[in-house]
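Enquirer: This is the feature table in TrEMBL:
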type     : residues                               : note
BINDING  : 288, 289, 290, 291, 292, 293, 294, 295 : ATP binding site
COMPBIAS : 535-544                                : compositional bias 'Low complexity'
DOMAIN   : 268-452                                : domain 'FtsK'
REGION   : 521-544                                : region 'Disordered'
TRANSMEM : 78-109                                 : transmembrane segment
Ligand SMILES: Nc1ncnc2c1ncn2[C@@H]1O[C@H](COP(=O)(O)OP(=O)(O)OP(=O)(O)O)[C@@H](O)[C@H]1O
């Protein structure tokens with residue numbers, strides 16, 4: 001079909017608009033150029049005056065400091081000496097003129113710019129580093145039949161590295177690498193080879209971020225600053241339903257969190273996990289090696305959850321790391337034994353069903369959800385697979401199998417499940433746990449394969465050799481993989497805990513209400529009516 005021409009009035013009108021827009025842009029550029037030239041000339045003319053003024057200010061400050069440092073009993077003689085000098089200068093022929101010239105010369109000398117002049121380009125050792133990097137990349141970024149290769153031995157590295165920055169130690173801090181279009185940047189293995197090479201050649205012991213621009217055939221390598229490891233647990237500025245998992249890089253998230261760090265106030269980018277009815281990642285799985293901080297993360301989550309909800313803790317490690325929470329307001333149970341874990345999980349499954357039925361009934365009657373379904377309930381399970389083995393040996397039900405209902409219907413019933421497991425037992429987790437925990441955290445050292453198996457995507461940063469406790473990666477659903485540092489939330493009953501961190505955790509603990517709390521769960525169980533079958537359509541509606 002032939003394209004119809006634009007009506008004449010429209011085409012001439014739009015051409016005029018475009019012409020006037022070009023004219024305005026050119027005028028704007030010209031006036032900006034004029035302003036810049038005028039600014040440069042003014043600063044050239046005024047430069048001596050600026051230097052002398054700066055020098056006079058420095059001389060005055062030095063004089064004031066000298067006066068303040070002089071002991072009180074010596075100030076009288078000093079004043080007398082200064083007055084005598086002024087008198088002599090005033091009486092000597094040309095004295096005042098000479099004095100003014102001397103003061104101006106001294107001020108000019110004092111006011112000179114003392115900043116070390118920045119070198120125009122890289123120094124010899126930095127050039128050597130760039131050349132070495134370039135040479136190392138030649139075998140990966142060249143092809144025998146390339147008529148104009150960007151990478152050749154002894155070639156021009158300046159074309160391959162158009163932008164670079166060095167840090168204070170003389171190592172590369174940021175580098176823009178251009179590569180030929182035929183490099184297979186879509187293949188994970190090809191990328192990994194380049195990333196590994198750049199990491200080793202640019203200096204080990206640091207974390208690097210790799211940003212591949214496939215369209216532009218460019219790779220930006222950035223050295224990441226270490227995440228702060230000593231931020232103590234505290235009340236975070238969040239809304240109900242938000243949980244701070246830890247802190248990350250400023251480039252990864254839009255938001256910052258005001259924090260207290262010792263005597264200082266900081267704004268730190270957080271990884272915030274949203275739970276509740278509208279959450280797309282209603283449950284969390286944390287995996288790590290022993291001692292990497294998984295229990296610390298669960299304690300941090302518990303302290304935040306207790307602000308607005310109730311918490312049930314099931315601890316398979318039996319290390320007593322949650323003893324500080326026992327009997328606190330809102331802590332329904334802290335279970336370390338199989339019988340207790342089974343009872344808690346049975347109650348949790350029944351409670352989830354009860355809430356679901358109540359919410360569905362209210363909806364069908366056109367009413368808002370009842371009040372007793374709104375308070376968030378958190379089930380925190382630390383190494384629950386330990387009970388799987390015990391239950392099998394004792395011929396009893398596996399507490400993990402009871403998690404199916406809270407995992408499946410928890411979102412609609414305001415029930416959130418957090419499971420922490422170690423690498424060696426992670427395979428023992430049920431399918432339901434894997435399927436419904438869409439928020440994921442990996443703490444401590446892990447191979448690229450392990451990270452991908454839990455997070456579902458590789459991180460864009462390199463791992464460090466020495467990983468501090470609480471360091472790892474977080475991914476919420478299908479979002480980006482963030483570097484993560486969990487806030488220091490140690491067990492306050494641990495002797496190794498520092499006083500400042502112990503105090504920080506103790507201040508966040510709710511009031512102790514035991515022994516009433518110890519009986520609360522049992523009472524709840526007794527008062528619980530027999531669960532009614534959940535209407536199938538309603539459940540489907542909730543979970544989609
Ligand atoms: N975010 C953190 N900041 C500072 N120290 C931490 C952090 N996380 C953990 N630690 C310290 O590391 C040690 C181990 O932490 P944690 O007990 O939480 O690890 P874990 O993975 O649960 O291991 P385990 O199950 O063997 O106890 C503790 O001394 C703890 O204080």
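Glycine is treated like the rest: Cβ placed from N, Cα and C.
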Enquirer: Quick one: what's DSSP say for residue 289 (ATP binding site), helix, strand or coil?
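Expert: Its secondary structure by DSSP: coil.
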Enquirer: Restricting to the chain of residue 292 (ATP binding site) and a gap of 6 or more, list residues whose Cβ falls under 8 Å of its Cβ, or answer none.
Expert: 443, 444, 445, 467, 469, 470, 471, 472
Enquirer: Looking at Cβ-Cβ distances, which residues of the chain lie under 8 angstroms from residue 288 (ATP binding site) while being 6 or more apart from it?
Expert: 294, 420, 422, 423, 442, 443, 444, 446, 472
Enquirer: Out of 290, 291, 293, give me whichever of these binding-site residues has the highest number of other Cβ atoms within 10 Å.
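Expert: Result for the most crowded candidate: 293.
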Enquirer: Hey, of the binding-site residues listed (289, 294, 295), which one tops the CB count within 10 A?
Expert: 294
Enquirer: Excluding 288, 289, 290, 291, 292, 293, 294, 295, which residues of the same chain place their Cβ within 8 Å of the centroid of the Cβ atoms of the recorded ATP site?
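Expert: Output for this site, in sequence order: 296, 422, 443, 444, 469.
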Enquirer: Across the domain 'FtsK' (268-452), what does the pLDDT come to on average, as a whole number?
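Expert: Reported value for the domain 'FtsK' (268-452) is a mean pLDDT of 94.
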